[in-house]
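Asker: Here it is: the structure, laid out below.
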Amino acid sequence: MEEHDITEDTTTGPLRDPLSRSTERLAQTPRAKRNVDHLSHPGALPPAPGWLRAAFLRAFRSVWFPLVLLAVLGVLTEQVVTKGPLLAVDRWTRDTVQSWVAADPWSWTNLLAERWTDFGVATYSGAVLTAVTVVTTVRLRSWRPLVTSLLAAIALFGTVIPGKIVIGRPGPDGAPVAPGEWGWFPSGHTATASICLGTAALLLGTAWPRLRRLLYPATAFLCTGVGFCLIWRNYHWLWDVVASGCLTGIVLWCLCRWPLQKTSGDDVENA
C-alpha cells in the first residue's frame, strides 16, 4: 500500500514566500521580506533605544575609563609645566571665545555666564551636597552617603588645591601668580561644581532610581556649562577646565565602586 507523505511543506525558495506553521497562509512577518541592514554596515535599523547611554555605561564601567582620564590629566599637566606645544590650543581658544564675547550684541549673556560660574563656588555646591547627603542618609538609613560625600570632599581639596599651589599657572589675562596665591591649573570652580554636584546626583540616583534618566544628564549639562562660562568670562584656560573634568571623572568612577546600599552591589550596574 502506497504511503503518502502528509508532512507540511514550509520550505521557502527564491520565488516562494514563507508559510506559517499552522496554515498555508503567508506568515505575518515573513523573514524573506525583512531588510534590517544598512548599506554601509550590518545591524538593526533603527538603533535600539538607549544605545548611546548603554555604550557610555559600558565605557564607564571599564577599568580603562579612569586610566585614560589619568593619562590625559598627566599629559596636560606636563604640557602646562613645560609650556609645551599644546598650550597653543589654549591661546587659540581664548582668542576665539573672546572675539565672540566682543561681537555679542546682548548684555545679558555675560550676566548669565557670571551667575552660572557661581555653581563652582564651594559655598553653593557644598551646601547642595550637604543637604543631599542628609536627605539620602535618612532615606537609605545608612551612613554610606555620608562617607561618600566625605571621600568626595577629600579628593577635591586634596588634589585641586595642591595642584594649583605647586604648578602656579598664570591666568588667561597674563597676570603672574603673586606669592601666596594659587595658580589657575586645574580649574577649582569646575572641579568644585562637578565633584560636589556629581556626587549629589549619584546619591539622589541611588535613593530614587527613577530620577536617574533626568538627573544625570541635567547635572552633566550644568557642570559642562560651568566650564564653558569660565572660558567665556576669561577666568580660565581651556586645559584648566579639561583637567578638572578628567579629575572629576576619576573621582566619580571611584565613588561608583563604593556601594551606597548594603543590599546592592555596584551602583553603576543598575544606573
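A Cβ is built for glycine as well, from the same backbone N, Cα and C atoms used for every other residue.
Curation plays no part in TrEMBL annotations; they are all automatic predictions.
Taken from TrEMBL, the feature region 'Disordered' covers 1-41. The transmembrane segment feature in TrEMBL is assigned to 63-81, 121-140, 147-167, 187-207, 214-235, 241-260. What TrEMBL records for 144-256 is domain 'Phosphatidic acid phosphatase type 2/haloperoxidase'.
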Asker: Apart from its near flanks, which chain residues at least 6 from the ends of the transmembrane segment (187-207) lie with a Cβ under 8 angstroms of it?
Answerer: 117, 119-122, 125-126, 128-129, 132-133, 135-136, 139-140, 145, 148-149, 152, 155-156, 159-161, 164, 215-216, 219, 222-223, 226-227, 230, 235-236, 240-241, 243-245, 247-248, 251-252, 255-256, 260-261, 264, 267, 271
Asker: For the transmembrane segment (63-81), which stretch among 121-140, 147-167, 241-260 has the most Cβ pairs under 8 A?
Answerer: 241-260
Asker: DSSP helix, strand and coil counts for the domain 'Phosphatidic acid phosphatase type 2/haloperoxidase' (144-256)?
Answerer: 87 helix, 0 strand, 26 coil
